[in-house]
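Pulled from TrEMBL:
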- B:8-133: domain 'CMP/dCMP-type deaminase' (DOMAIN)
- B:His57, B:Cys85, B:Cys94: Zn(2+) binding site (BINDING)
- B:Glu59: active site, proton donor (ACT_SITE)
- B:Ala164, B:Trp180, B:Asp210: NADP(+) binding site (BINDING)
- B:Ser178, B:Arg194, B:Thr206, B:Leu214, B:Arg217, B:Glu302: substrate binding site (BINDING)
Protein chains: 2
Amino acid sequence: MNSMNFFKEDEFWMREALKLADKASYNTAPNPSVGCIIVKDGKCIGMGATRAAGGFHAEVCALIDSKKNNHNVVGSTFYITLEPCSHYGKTPPCVDQIIKSSPIRVVLSMIDPNPLVSGNGIKKLRSSGIDVLIGVCHKEALLLNIGFFHRMIYSTPWVRLKTASSIDGRTALYNHKSKWITCDESRKDGHHWRARSSVILTGIGTILHDNPLLNVRYVDTPRQPYRAVIDDNFVIREDANIIDGSKVFIFTSIVDKEKEKRLSDRNVEVILLPNEKVPNHVDLSLVMRFFAEKCFNEVHVESGAGLNGKLLSERCIEELIMYVAPIFLGDAFPIAKLKNISNLEDALRFSIFDSINIGSDLRIRLYENSKWDFLFRTTSKVI
Amino acid sequence: MNSMNFFKEDEFWMREALKLADKASYNTAPNPSVGCIIVKDGKCIGMGATRAAGGFHAEVCALIDSKKNNHNVVGSTFYITLEPCSHYGKTPPCVDQIIKSSPIRVVLSMIDPNPLVSGNGIKKLRSSGIDVLIGVCHKEALLLNIGFFHRMIYSTPWVRLKTASSIDGRTALYNHKSKWITCDESRKDGHHWRARSSVILTGIGTILHDNPLLNVRYVDTPRQPYRAVIDDNFVIREDANIIDGSKVFIFTSIVDKEKEKRLSDRNVEVILLPNEKVPNHVDLSLVMRFFAEKCFNEVHVESGAGLNGKLLSERCIEELIMYVAPIFLGDAFPIAKLKNISNLEDALRFSIFDSINIGSDLRIRLYENSKWDFLFRTTSKVI
């Protein structure tokens, strides 16, 4: 990656392209969300982002935008947050459209790890005499579509666990009178991450105690994610708020054909995925495979100590996004119920991605080392 | 405060002066640590920082330094991290020395909240025709001597509680086999805060279980802080590592004249401070008054859940410095043992000062709102 070989201007325009992609990210699944900016003589003459699946890709949108405003793109520079596709999918290859428009230069955040593309788009551009620069804002671009890339490589979605707790790691008082521990701004930010995801996952304990809707309300979105519940013993109440007519998945280890039938009439899909080693428990890794088969890129988990603990212990979590209020609660519900360990070496270990202030809270992001490192290395390949 | 009225150059030189003050901070207690840089024609022609108590102040050190190198300070600019003193203490007033040297301009971080100085130094400089600018790097300068300013105003030291925990708020496994949860870099940073403090305070539980030395080892210091133990029932073992010949304070609620005598021969001062409302407990607020009478500016607490919880509940903590490792420990010792609450309004509330990565950990600083806000406002007075 020739990452040392770019200018502040390249970074500026790439950040603009990333903003477009970020805005589009609520609506592009199962495709990655991409942004494209066409620049000529220091001015943006076209911009676009991926449309909902089946619609135009970012590069084509940007070309249409520049044409609409009677700009001539010959000799321009394209800033794209992902290597353009070189194969026929639901739309023809973007790389051909770019070559036809005769830019002088294409700047990319990263190569596409999809084996159907990986480097081919770049080769094609270069063999047409176009100067290609790769790696500008690579990390940001990778994060934007981390679920897509993860699914391509590991055949499971990127699972993000969201927590809201006190600084001493407590998520609720024992009497459940603790709405809300974190501030308004944190909850709004949390809904951004809900909106990006394909599905919001919770456990039956949260459904029974908090009876949440688990939809996106604090940010505008053209699409609501699916919702899903891990309900080992199939005890969900049929008047739970989450059963509101929109699609809901319930994973269970217990058969109850009549209840299943009644729920199915209300757009609830009940999936039997018993864990063969642990009686009366759902197999969580099979749940993730199920999601991958549905082409879900990001799974957003908001749950209590029980499911959080199981997902963490079974290494189903790729990322944690933790909203932390600067308060002490003392003896109260923990973030995750985990089995006792007697050696520090057995502790579940992550890495710190970043921490920022949100309102009066701190937001800390952790990630699973080995997978992130592999994705980072794979997508920053020198070609 | 005319804070909008300064240039990048002023900020640059003030940061250099702050670095000098920071370096000197291990050794100036009970005095504040101050840095001074004299600049002429864009070059530093003299620099100095407060010497150990009774020694020269920063401004005089900087003047000596410039003289030593045959620089003429007439027409120069002084950058000082605190308003220069205008009264006779152990040394003559610095403000007179500055005026005698005929600078054209004096740039200050903040006014001195000490009623003996507060604004008088600035008035004297101005009435001598010297241009005075106040407020450059005010917050950083306030933080550097926060204990001194707090003691001046509240007659108690600034109490900083240091914790080292997992991201789920656990400080040790139940079997105590958990040295160390946080990384080397965090421990080194922790020793910097130990070194700045006047006294390192712990509880008897930590002494009994971990038997620590509680001295400064990972950073160089010309002075070791005092050490102190809250030992409600005076059960400390006389062979504890902390009793090593250097001064140690033990606060207790139990009289044992013979044990006191034996310990006193080994440089241990036993202080009887029973809490009149809670039998067999030390009165923690009286401990802080005791420290203030000793002119201790900063108290550094490193203890377990028991004392941490009591100090937090009794509102004895002005700041928390929390080293957090990105690991989950599940069921293990908490940061602070606190009594159960049934309303979020009863939670102990702080504000987030900042968070930074240290090695593989996160360091989060919290502060007590009302006192910090008052100190900030008082020292940014417009004059």
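Backbone N, Cα and C define each Cβ position, glycine as well.
TrEMBL: automatically predicted annotations, no manual curation.
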Tally of residues which DSSP labels helix, strand or coil - the domain 'CMP/dCMP-type deaminase' (B:8-133): 43 helix, 24 strand, 59 coil
Surrounding CB atoms that lie within 10 Å of the CB of B:His57 (Zn(2+) binding site), all protein chains: 27
Proximity to chain A among binding-site residues B:Ala164, B:Asp210, B:Arg217, B:Glu302, where any Cβ pair is under 8 Å: none
Zn(2+) site, defined by B:His57, B:Cys85, B:Cys94: further same-chain residues with Cβ within 8 Å of the Cβ centre: B:Val34, B:Ala58, B:Glu59, B:Val60, B:Pro84, B:Gly89, B:Thr91, B:Pro93, B:Val95, B:Gln97
C-alpha spacing of B:Arg194 (substrate binding site) relative to B:His57 (Zn(2+) binding site), in angstrom: 23
Sorted by sequence, non-B:Ala164, B:Trp180, B:Asp210 residues with Cβ within 8 Å of centre, NADP(+): B:Thr171, B:Ala172, B:Ser178, B:Lys179, B:Ile181, B:Thr182, B:Arg187
Secondary-structure category, per DSSP, in which B:Glu302 (substrate binding site) falls: coil
B:Ala164 (NADP(+) binding site) versus B:Thr206 (substrate binding site) - Cα distance in angstrom: 14
Candidates B:Glu59, B:Cys85, B:Ala164, B:Trp180, B:Asp210, namely the recorded positions, that fall within 10 Å of B:Glu302 (substrate binding site) by Cα distance: B:Ala164
Close in space, distant in sequence - B:Glu59 (active site, proton donor), Cβ under 8 Å, 6 or more apart: B:Val34, B:Cys36, B:Gly48, B:Phe78, B:Ile80, B:Pro84, B:Cys94, B:Gln97, B:Ile98
B:Leu214 (substrate binding site) to B:Ala164 (NADP(+) binding site) - Cα separation in whole Å: 15
Pairwise Cα distance for B:Ser178 (substrate binding site)/B:Cys85 (Zn(2+) binding site) [Å, integer]: 49
Greatest inter-residue Cα distance in Å for the substrate-binding set B:Ser178, B:Arg194, B:Thr206, B:Leu214, B:Arg217, B:Glu302: 21
B:Cys85 (Zn(2+) binding site) and B:Arg194 (substrate binding site), distance between Cα atoms, whole Å: 28
Other C-beta atoms that fall within 10 angstroms of the C-beta of B:Glu302 (substrate binding site): 22
Number of other Cβ atoms within 10 Å of the Cβ of B:Asp210 (NADP(+) binding site) across all protein chains: 16
Cβ-Cβ distance under 8 Å to B:Cys85 (Zn(2+) binding site), same chain, at least six residues away: B:His57, B:Thr91, B:Pro93, B:Cys94, B:Val95, B:Asp112, B:Leu116, B:Val117, B:Gly121
